[in-house]
Structures are given as structure tokens and as C-alpha cells.
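Engineer: Sending over a structure as C-alpha cells; questions will come in a sec.
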Amino acid sequence: MSMGLEIAGTSLAVLGWLSTIVCCALPMWRVTAFIGSSIITAQITWEGLWMNCVVQSTGQMQCKVYDSLLALPQDLQAARALIVVSILLAAFGLLVALVGAQCTNCVQDDTAKAKITIVAGVLFLLAALLTLVPVSWSANTIIRDFYNPLVPDAQKREMGAGLYVGWAAAALQLLGGALLCCSCPPRDKKYAPTKIVYSAPRSAGPGTSTAYDRKDYV
């Protein structure tokens with residue numbers, strides 16, 4: 001695997017990891033839907049994983065942290081846990097990628113480096129899935145409630161910027177992890193057998209005495 005491809009994969013995965021952190025902190029997973037009687041509402045409600053915010057028409061914003069985890073919908077409760085695990089898993093994957101990077105000397109063997117890089121890629125892929133699942137689940141819940149006639153218009157929400165950031169983060173981590181998984185261990189070098197050249201013994205000259213004289217055989 002070339003160093004350029006490895007750097008590209010690691011960079012994309014790091015961007016996805018940072019985007020996941022932004023997605024986790026952004027209080028804009030759900031936004032007030034302006035339909036029906038809510039069109040004349042002079043405030044906008046944002047709902048995130050950790051707090052909800054109310055933005056007045058004057059531009060004043062007030063945010064409040066959730067008092068209890070049970071106050072959250074089921075999809076946001078699961079999203080909290082999965083997104084946090086995704087961030088921690090991607091952070092561990094980044095450390096593994098640095099250990100197996102070609103520009104570091106933590107590991108000397110090229111084959112071991114390639115295997116470590118593949119492990120880092122798998123960790124980033126798992127982190128991407130842990131981000132993609134809660135984001136898609138929350139988006140599905142929002143769309144389902146939006147078109148449900150039994151849900152009052154005041155309780156209907158639209159998809160916020162946090163969901164789009166989450167999808168972008170998952171895509172970056174998937175692409176970066178896939179590039180890191182392309183790191184193949186180097187093949188064993190095959191050496192050609194050494195040819196041994198035998199030289200013929202020199203024949204003794206006519207006047208040269210040999211180790212054994214002919215008279216010894218008589």
C-alpha cells in the first residue's frame with residue numbers, strides 16, 4: 001500500500017470522526033415543522049441528544065439540558081449510546097492507524113504494519129456503522145411521524161442539520177476505513193537458488209611428484 005493512499009484513508013477517517021463529534025454535540029437533530037397552525041409560531045424548537053433549544057423570532061436562544069434520559073424518545077436514547085461508542089471506537093482506530101503507519105517506527109516489520117492498518121480500517125468501518133444506524137433510525141422516525149395523521153401538527157418535526165452531519169461523518173469513515181483495509185501485507189520474496197560452480201582438479205604435470213608413487217601399488 002502506498003503512503004499516499006494510507007494518508008488519504010487516515011485523513012478521511014479523521015474528518016469523519018470529527019464530524020461525528022459535531023453531530024453528537026449539535027442540538028439540531030429535530031427541528032420544528034412549520035405546517036398547519038404552527039406556521040404562525042414565533043419560535044423554533046431544536047432537539048438534540050443532550051439538550052433542546054428554543055429560538056425566538058427576535059434571535060434570542062435558550063437551551064436546556066434534558067433533566068432525565070427517560071425524557072428522550074426511544075430513537076434518541078439509542079443514538080446517545082451508539083454515537084458515543086462510535087466516537088470512542090474511532091479514536092481507538094486512529095491510535096491503531098498511527099501505530100501501523102509507514103511513517104512511524106512503532107513497528108518495524110512491514111507485514112505487521114499492514115495487518116495493523118487493516119485492523120484500524122475495520123475499526124473505522126464499525127464506527128461508521130454505529131453512526132449511520134442511529135442517524136437513519138431518527139430520520140425514519142421523523143418522516144414516519146410527519147406523515148402520520150394521528151400526530152398533532154405541533155408535535156411534528158423535520159430533519160435537522162445534525163442528521164446530515166451524521167450521514168456525512170458515516171460516509172467519510174466508510175471511505176477512509178475502506179482505503180485502510182486495502183493495505184495488503186507484502187509478499188514473501190522468493191530468492192533463486194545459488195548456483196555452485198565446481199572447478200575440475202588440475203592435472204599433475206609430467207615432472208611433478210604425486211602423493212602416492214606408482215611403486216606403492218606394486
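One is the number of the first residue shown, and numbering goes on along the chain from there.
For all residues, glycine too, the Cβ spot is worked out from N, Cα and C.
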Engineer: Are Glu6 and Lys113, as given in Swiss-Prot, on the same side of the membrane?
Structural biologist: yes
Engineer: State the mean pLDDT for the topological domain 'Cytoplasmic' (181-218).
Structural biologist: 55
Engineer: Over the span of the topological domain 'Extracellular' (137-159), count residues by DSSP class, listing helix, strand and coil in order.
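Structural biologist: Taking each residue of the topological domain 'Extracellular' (137-159) in turn, the totals are 13 helix, 3 strand, 7 coil.
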